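The structure appears right after this line, and notes come after that.
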Amino acid sequence: MTTIRQRRVGTGTEAAEDQPSEEINVKPDGKILSDPTGGKLWNILSVTVGGIVAISLGLLTSVYVATLHENDLWFSNIKEVEREISFRTECGLYYSYYKQMIQAASIQQGLHGLVYDNKTESVRTINILERMNVYQEVFLSILYRILPIQQYLEPVYFYIYTLFGLQAVYVIALYVTSWLLSGTWLSGLLAACWYITNRVDTTRVEFTIPLRENWALPFFAIQIAAITYLLRTHLQPVQERLTLMAVFIATFLFSLTWQFNQFMMLIQALALFILDCLDLLPTAKVTWLYIIQISGLLLVCVLQFFNSMILGSLLISFNVSVLIARTIQKNLKKGGLLNRLGKLILHVLLVLCLTLLINKFIKKILNLESDEHIFKFLKAKFGFGATRDFDANLYLCEEAFGLLPLNTFSRLSSTLLFYAYGFVLFLLTIAAVIVAFRNLSGSNQVQLKEKLEEYTVTLKPDAAYSLVHTVLFGCLALSTMRMKYLWTSHMCVFASFGLCSTEVWKLILKCLHLYTSQRTQVIKYSIPIITLLYISFKFWPGIMDELSELREFYDPDTVELMNWIKSNTPNTAVFAGSMQLLAGVKLCTGRTLTNHPHYEDKNLRERTKQIYQIYAKRSPSDVYGILQSFGTDYVILEDSICYERRHSRGCRLRDLLDVANGHIMDGLGENEPDLKPSLYPRFCEEIKKNLPSYTMHFTRVFQNKTFHVYKLAKHK
């Protein structure tokens, strides 16, 4: 098992750029000043300083996470095999394709090896570029080959520095989004500081570097920043076209780099749909965003050799359904409150029915079953019946796919982020409800409208989008812990925007009958500055201690296993074992695998379930026959799985296999009544006794404290 052990070694304030002029140039006596030249110079200075701060914070974040990674693993000092082992599970699989491209005789041969790959899944040739989102590895490997840096920078450092560099882009995008929403770069500064001080809950890049989300989320943040700018009013046609282009590019890159892109963008499309129905966003811009999502995803589909999972995505079906429904219901936004509510209910039902019909039709035509495990998991997770499905239970038993732990909120509260977020969320939700009701009622009573505006703020389109975005992604994070990083980063943006927002403080002060423009300006700057001072004094010493703590990578058993495989097995040998371990086997040794962690393929899921019978109660001849059918030469057994204690009874891998096979589980506890005892003992335990029924099929060729490797006999 891997462990990390100790090393054995000797401000001011600036004017709001996007606020009404009467709140910027007002004397205490109420007279309006007119100094356009001075105002422009101040704005230029403010934008320049804000831009420098944004870039500086981005670079500091990049250096910060890179330093943490180095300090935690002593990455610069450990061996190459240890560096590769540190890329755990699917991270190692993705990095292996970068390594494969680097080591190929030419770029053309490298690409050919990916398109016609027969080492990732034994006795089967697959197209890696179709199945997996690895274009970033391809691009980076080509860039490394053509740039004159080979003598100065190792391939692994070029790879990890690129990912750490993307963290700078990520932080800058969050900073800019908050700045655009509030009109002051002080908001962006607060968002970036919250992102850094809440690093445990906002990113995991320093220990899961090649993970797809670490590539994708910076582009998602850029897309949100571009959408925020697009939703501003009074944009010039040229500005709007350029912004739409930026949204498209960011959407395309986000989709290209993460296999779960369609599900994230579906939530985004739902946010746009809700806001459009409530008349909180301009319909024309929403339509463009629907089209951009579809076109970006279809372009990725083409690059991934018409990946059927993309064509059968709910996102494409939903967006097409919305556009069709809107064409059918042309007078959707006309009439009184009850009339519009009735139309909206029909519109929602029409979109829902069309989405399901179109999606069902596409999947039927394409015979698509690649994503069925996701829907089985969701069905079981939300209580729509118990399941014995192995794949669904495999997800259900993983902590990452469980509910968001409550201690997350205590950590977020320690930086004041959660308190500020809840405060802003409460106020803007009230404002959104009032504005939506006003829009739906279509009231022409001027006095009523003026009275409402006296006590409420008019919710700007960009703020309305940010509100619904954070609510929907918050629901996703609460239900699935692994997705919290999509929420917590935007939480930093949303909370900082609210604390620096003129509209929020104007609403509060008007409700308290204390409103003046000067008082609003003082509060919108003083509260964020006080918050920043609190964060600095409380967390700066902890950050310094964290950066001074030195550890090193330590996993001698896995290193010994990988070295033995490279030295004692032929290059063409086929290995079977757990998905997580085999990804490392491919990266470190280049041997052929029977299965791997990229689970978005029905045949692979079936294959993995069969391979995992090595941890079930099956006869040696059954297990031998299964392994032989996949061309296996060696099988690796792990004590950490065979005698697993990490999960409770019912969630251990051996329990999932027993239930799926109809066998009762080990240990004390209840079993479902129709489960029966197995006729055979557990394979991974019994094989170690060297009984004749096992030794006739399997010969142990390697053993240490963690792993046991058996070679399969070649029967005629």
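Note: Cβ is positioned from N, Cα and C throughout, glycine not excepted.
Keep in mind the model is a prediction, meaning the values are calculated, not measured.
TrEMBL lists transmembrane segment for one of the ranges 266-284, 570-588, namely 266-284. Which of 140-158, 463-481 counts as transmembrane segment depends on TrEMBL, and there it is 463-481. Highlighted: of the candidate stretches 217-235, 416-437, 493-516, 493-516 has the greatest count of Cβ pairs under 8 Å to the transmembrane segment (522-541). Remark: the transmembrane segment (416-437) contacts the transmembrane segment (266-284), by the rule of 3 or more CB pairs under 8 A.
The recorded stretches the transmembrane segment (242-260) and the transmembrane segment (493-516) do not share 3+ CB pairs below 8 A when only pairs 6 or more apart in sequence are counted, and are therefore not in contact. The stretch from 179-197, 217-235, 344-362, 463-481, 493-516 with the most CB pairs below 8 A to the transmembrane segment (266-284) is 463-481. Within the same chain, residues 177, 181, 224, 227-228, 231, 267-268, 270-272, 274-275, 280-281, 381-382, 399-405, 425, 428-429, 432, 435, 487-488, 490-491, 493-494, 497, 501, 503 sit at least 6 positions outside the transmembrane segment (463-481) and bring their C-beta atoms closer than 8 Å to a C-beta of that stretch. The list of residues near the transmembrane segment (217-235) in space but at least 6 beyond its ends in sequence, with Cβ under 8 angstroms from a Cβ of it, reads 166-167, 169-170, 173-174, 176-177, 180-181, 243-244, 246-247, 250-251, 253-254, 257, 264, 281-282, 285, 289, 460-462, 465-466, 469, 485-486, 489-490.
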